[in-house]
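Engineer: Annotations for this protein, taken from TrEMBL, read as follows:
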- 1-68: region 'Disordered' (REGION)
- 32-46: compositional bias 'Polar residues' (COMPBIAS)
- 67-105: domain 'Amino acid permease N-terminal' (DOMAIN)
- 100-137: region 'Disordered' (REGION)
- 144-165: transmembrane segment (TRANSMEM)
- 149-655: domain 'Amino acid permease/ SLC12A' (DOMAIN)
- 177-200: transmembrane segment (TRANSMEM)
- 223-247: transmembrane segment (TRANSMEM)
- 268-289: transmembrane segment (TRANSMEM)
- 295-314: transmembrane segment (TRANSMEM)
- 348-366: transmembrane segment (TRANSMEM)
- 386-406: transmembrane segment (TRANSMEM)
- 465-485: transmembrane segment (TRANSMEM)
- 517-537: transmembrane segment (TRANSMEM)
- 544-561: transmembrane segment (TRANSMEM)
- 581-614: transmembrane segment (TRANSMEM)
- 704-724: transmembrane segment (TRANSMEM)
- 724-763: domain 'SLC12A transporter C-terminal' (DOMAIN)
- 765-826: domain 'SLC12A transporter C-terminal' (DOMAIN)
């Protein structure tokens, strides 16, 4: 969809300045629209005015138009992700540019060309890019529509080796009814997957990478990376499978004409190696040649199908009857309707495992999504049409071959029965005039559905055309898989999720062909071609593709249930529950088919998943996992709000007044030491203002659901405790206020808040980041505050750095050091002297005036009341704190009285913590229990 904006200028009008257009109030502009093909043009016409009127209008000092020509019209390229498409994204003008457009234009009108500015430069650069794009002749990549790019490619991939070489044998083993069930089960899985693919591909423009691109951009790199590796490997295996099928057919022809090269196994290896090499050369020639080759294969297949169905209508000759081909017979149809399991491979799930690779080609179109004209249209339409027509062909061929051919035949013309035969004869063939009893009983029959893989050739009207169909089906599928695997792997390599594979990301030519990835896929396919056993390779492929389908379906389900606004596919014929069903049934089938191959596939995915989780690649694709994390966080936060608090579930959730967190790294590290993986930490800054009090959240929560190291930063414009309640969400809100101790509090004025010295602390590693060893954490539990003074040190010892530290709890003992107490009391009184009111030296009126004007000053009464408390608390601490080997001190903070002067309280705290060699934490609970000694 294209958009074009044009402005018509009648003769005689003066050019408007480049930054904007303006019109007079008397003559508003007129807009008209017209359509040309796929483009819609909007033109603007302004009335004709004389130059003098234009000059006068500029001098009228009237208000310019509010609409700016710089404001871009909606365009698809504005919404493209530059990192995903690999090119520079077009961007719309910024808000700042739009606001300045009018000012730049006015200055341009006054100063001539000097006023053109950045706005005009932006326009000129856009025009130059368009001119350069139109003038330069560059090679355009080849793009395909939904028919040739998706439907034909998928049909060729689905019609593979199994159709011609194994479908008749599966029908003989499982019978027509169970064969139809096998076909419909396979189609059910692929159809559900196709619906999921259609939904994902219409949720946005799909780049190259096919299934990997869809899964990784939906579920993220953790699951996208592993499935990209597995899916690329599965496509390489599928190339080997179809090449081996082709080689088996050629080998059988050589045996028929007695022209073997070496032996039956080595002939398959030799022919397969030559074939895959030729297919590689076709792929290296480019997508255009590969597409033409696929069209040729498709036409050959159509002719071979017509040849087969015509052959079923031709009356069978005696030669055909001797090999079990009789044309349409109701008795043959009824005989072949039910299963006849034979040999070690004779069971339902083994037949399903062998057949399922014939349905795996549904992603052939999606795998080359980067080479499609409109992937969001081509992928759903082409994929679903391919599934429908191939399903019809499988059902038709299995039923017609089961109605025309016996299970056993000798191929001996002498086994025909005369009209009046008397010899013993058993089985359905007796009623048809042939006696195949001997070979049936001895197990030496060489022909029939159960014994020959060439039944379709024998039934057809002209056998060589079926050979041509086999060659077209196997080679087209092998070629498509040989192209798909490198395309997917190239996209994976470009994302740099895994190391050492970036070498294969390089593309060549106009279609960015992954030549290096082609060679890697060729080597992998060659290794499995050397196995030369079709029935061994098929189960491996089934498991890898089922694993891919499971993740595609789960991607669609997961993206749907998250209700993310970014999930809005235009394809409506899907349900998240069908996606979940497709994912579950794919996993179940993996283990029912070949359990050891399923274990290998899951083991590989788990290993690759673990690597991505460990390395954490720096990619952000807006995956449904991120949307699910938000949903879970929101849901649990709402449900938590209705849970009644209990002391056993108490968690310290801290609001830390750090200012900008880089200013006080030690404070941040300390609180993080006991809140990480446990609870919440919010860092806040306080700015003083007389009229405003608000909060600004500058950093976002990292992971609300898993309770990782939460980190908020709040900016509060006034000193108020309101934000203790206003911050957080529901029960996830602070219940502890943490702040640093102001060391120069004596030098600050009563209302001094110094925001000029907010310099970043260069301290990189604090004491709380280093291992503490076998040291102690001393807790001085002076007052019973509900247990917070004991809980925080315990949480600290649960960290790896503090795990070997021992917590020691001290309470008030007897007085033993009177002299040291007197020194501390003198120091306390000296510290408090500048803040004393000294009422004894003032008259009553002056003293009362001083108490009103300076409420922070300490009165004689307050000093006498606190002196006893200080003497009781200090006497034991002065010895313990000075000589303790502790790495950290926790002191129970005494509650200040309501009218206690701030200077008195600060002096008290300074006295308790002065001159210590390690961090001191002054802590106080709110008298509510935060721990319990009982189980209820």
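Any Cβ shown, glycine's included, is placed from N, Cα and C.
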Engineer: Under 8 Å between C-beta atoms and at least six residues away from its ends: which parts of the chain pack against the transmembrane segment (544-561)?
Structural biologist: 189-190, 192-193, 195-197, 199-200, 203, 211, 214-215, 218-219, 223, 227, 230-231, 233-234, 237-238, 356-357, 360, 363, 567, 574-584, 586-587, 589-590, 593, 598, 601-602, 605, 624-625, 627-628
Engineer: In the same chain, who gets a Cβ under 8 Å from the transmembrane segment (517-537) while lying at least 6 residues past its ends?
Structural biologist: 161, 165-166, 232-233, 235-237, 239-241, 243-245, 247-248, 265-266, 268-269, 272-273, 276-277, 280, 283-284, 345, 354, 482, 485-487, 489-490, 493, 504
Engineer: Let me spell it out: take the transmembrane segment (348-366), skip the flanking residues so only those 6+ beyond its ends count, and list any with a Cβ under 8 Å from a Cβ in it.
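Structural biologist: Apart from its flanks, the transmembrane segment (348-366) reaches 146, 149-151, 153-163, 166-167, 170, 173-174, 178-179, 182-183, 185-187, 189-190, 193-194, 197, 201, 206, 210-211, 214, 238, 241, 339, 372, 375, 378-379, 382-383, 386-387, 390, 394, 477, 480-481, 484, 535, 538-539, 541-542, 545-546, 548, 589, 592-594.
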Engineer: For the transmembrane segment (177-200) and the transmembrane segment (295-314), decide whether they are in contact, meaning at least 3 CB pairs lie under 8 A, counting pairs 6 or more apart in sequence.
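Structural biologist: Judged by the Cβ rule, the two regions do not touch, with the required three close pairs absent.
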Engineer: Are the transmembrane segment (386-406) and the transmembrane segment (581-614) close enough that 3 or more Cβ pairs fall under 8 Å, when only pairs 6 or more apart in sequence count?
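Structural biologist: Answer no, regions not in contact.
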Engineer: Would you report the average pLDDT that the model assigns to the domain 'SLC12A transporter C-terminal' (724-763)?
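Structural biologist: 69, rounded to a whole number.
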